[in-house]
Amino acid sequence: MGHRHSKSKSSDPPPSSSSSSSGNVVHHVKPAGERRGSSGSGTVGSSGSGTGGSRSTTSTQQNGRILGRPMEEVRRTYEFGRELGRGQFGVTYLVTHKETKQQVACKSIPTRRLVHKDDIEDVRREVQIMHHLSGHRNIVDLKGAYEDRHSVNLIMELCEGGELFDRIISKGLYSERAAADLCRQMVMVVHSCHSMGVMHRDLKPENFLFLSKDENSPLKATDFGLSVFFKPGDKFKDLVGSAYYVAPEVLKRNYGPEADIWSAGVILYILLSGVPPFWGENETGIFDAILQGQLDFSADPWPALSDGAKDLVRKMLKYDPKDRLTAAEVLNHPWIREDGEASDKPLDNAVLSRMKQFRAMNKLKKMALKVIAENLSEEEIIGLKEMFKSLDTDNNGIVTLEELRTGLPKLGSKISEAEIRQLMEAADMDGDGSIDYLEFISATMHMNRIEREDHLYTAFQFFDNDNSGYITMEELELAMKKYNMGDDKSIKEIIAEVDTDRDGKINYEEFVAMMKKGNPELVPNRRRM
């Protein structure tokens, strides 16, 4: 998921004078009614200055339609380098200031993708909120916002220390105390946001990066694209967030800032066990598990973990948001405090193994689904093919979000805007903001087709180029390059996690198990000696 679903209420942003810190999902359907909280250029236009050197503008310059202030070419000030990451709307690049030579990150959002009024308001609000929260040790610093004829460019502090899970896995040794330290930094972000009238709404491990590779580097929250301003008592109805981390009240469309605590609690559960607390074969299954809300502390490694760790997880994942701890109460919990009771005894290696698998598995599965889609018979996909043709109104072979939004209701579909966003997010494998024919078929074909033996064997044969009966690292690398879906590190991780007999290759049995199973416990349990 990791996307937006609808804003029924967004409170007005606090006045700009309150910008000092006091210490402290799913998709985006938005109703046609009045939206508050991101009215236009006021905050955005006045607060986005570039780093190093002045930005001169004249009154004759044309105002950009997104930020509502004079347009400027970001490339006049910054030299663009390699791509750092890719999201639903934009691409993040490493850029260098031409005068100061300072390296920063630039999130570049093509304005052609911001066709819907609410998408434009989301970008404006992201800029407002990042300026509003600037200066906090654990929040990435927004240094400036530029708009030219083609894109909005957000210049941000460069985080070179890698993602949360990457750091944990690369260190090898890991303890409750390390998990407590990471969780404390995340909850400090939540506390700061809430005390300044901001709800994050998309807390997940991928949205936290380390500033540097230094051992004591701070952890930084990096993505505020779904965040909103709120006032005490405000309730929101839009379905936003990311599947594993979304709170039950968000799924029920009646929630407040307590939903951020739930998401942080899910991350803590993963930090301690390597797997999410609520699991399903697909998004619907995950949501069903969340709505049931049954926490299980009987499986490994929970019996070996401290009572304090389990107590905090329980209190952050209370089903009723009124019973959940606040961010301030979490920070005062004896287990998480800096001088607290969390043990520095290393956790079982199986925790790291499960964490690696949770991170790596989806990439190979998505590629295999695309291969299956390529090889389905005309009879099997005739209905889906006709649906794609009717959605692709300009006959260019791709379906945009706007084409989905306007086309699905015409097909008699009762699909909600939230589900349309979900379909786009799930289907758009290469992250270009549109769905091609194969991506569409891959995302919409029924699960029973995936589990048919002939389809699985066809997919396996696609990867196994030399018909040796194994998928090697070289063969996986070729496939991932074809679909633009990963780097050398991802390839090694996939081999390591799917290859249960540890011979450096993936055999057919291992491939089928990976495709059919959603339970991340299965492989690590087989690995135990």
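Backbone N, Cα and C define each Cβ position, glycine as well.
Keep in mind that what you see is a predicted model, and the values were worked out from it rather than measured.
Per Swiss-Prot, the feature region 'Disordered' maps to 1-73. Taken from Swiss-Prot, the feature N-myristoyl glycine applies to GLY2. Annotated domain 'Protein kinase' per Swiss-Prot: 78-336, in sequence order, evidence recorded as sequence analysis. Summarising the annotation, Swiss-Prot assigns ATP binding site to LEU84, GLY85, ARG86, GLY87, GLN88, PHE89, GLY90, VAL91, THR92, LYS107 and lists sequence analysis as the type of evidence. Taken from Swiss-Prot, the feature active site, proton acceptor covers ASP202. Feature annotation from Swiss-Prot assigns phosphoserine to SER242. The region 'Autoinhibitory domain' annotation in Swiss-Prot covers 342-372 and rests on similarity to another entry. The Ca(2+) 4 binding site annotation in Swiss-Prot covers ASP499, ASP501, ASP503, LYS505, GLU510 and rests on sequence analysis.
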- Structural state of LEU84 (ATP binding site), classified by DSSP into three states: strand
- Note on the structure: So THR92 (ATP binding site), by the Cβ count within 10 Å over all chains shown, scores 20
- Item | Rounded inter-Cα distance in Å - ASP501 (Ca(2+) 4 binding site), SER242 (phosphoserine) | 32
- Provide, as an integer number of angstrom, the distance between the C-alpha atoms of the residue listed as 'phosphoserine' and GLU510 (Ca(2+) 4 binding site). 28
- Message: Around the C-beta of ASP503 (Ca(2+) 4 binding site), how many further C-beta atoms are within 10 angstroms, looking at every protein chain?
- Response: 11
- Item | Nearest-integer angstrom distance between the alpha carbons (Cα) of THR92 (ATP binding site) and ASP202 (active site, proton acceptor) | 18
- Please report how many Å separate the Cα atom of ARG86 (ATP binding site) from that of ASP202 (active site, proton acceptor), as a whole number. 16
- Query: DSSP on SER242 (phosphoserine), three-state: which is it?
  - Reply: coil
- Message: Please report the Cα separation of GLU510 (Ca(2+) 4 binding site) and ASP202 (active site, proton acceptor) in Å, rounded to an integer.
- Response: 33
- Item | pLDDT averaged over every residue in the domain 'Protein kinase' (78-336) | 91
- C-alpha spacing of GLY90 (ATP binding site) relative to ASP503 (Ca(2+) 4 binding site), in angstrom: 39
- Query: Apart from ASP499, ASP501, ASP503, LYS505, GLU510, which residues in this chain have a Cβ no more than 8 Å from the mean position of the Cβ atoms of those residues at the Ca(2+) 4 site?
  - Reply: TYR470, ILE495, VAL498, THR500, ARG502, GLY504, ILE506, ASN507
- Of the recorded positions listed as LEU84, GLY90, ASP202, the one whose CA lies nearest the CA of ASP499 (Ca(2+) 4 binding site): LEU84
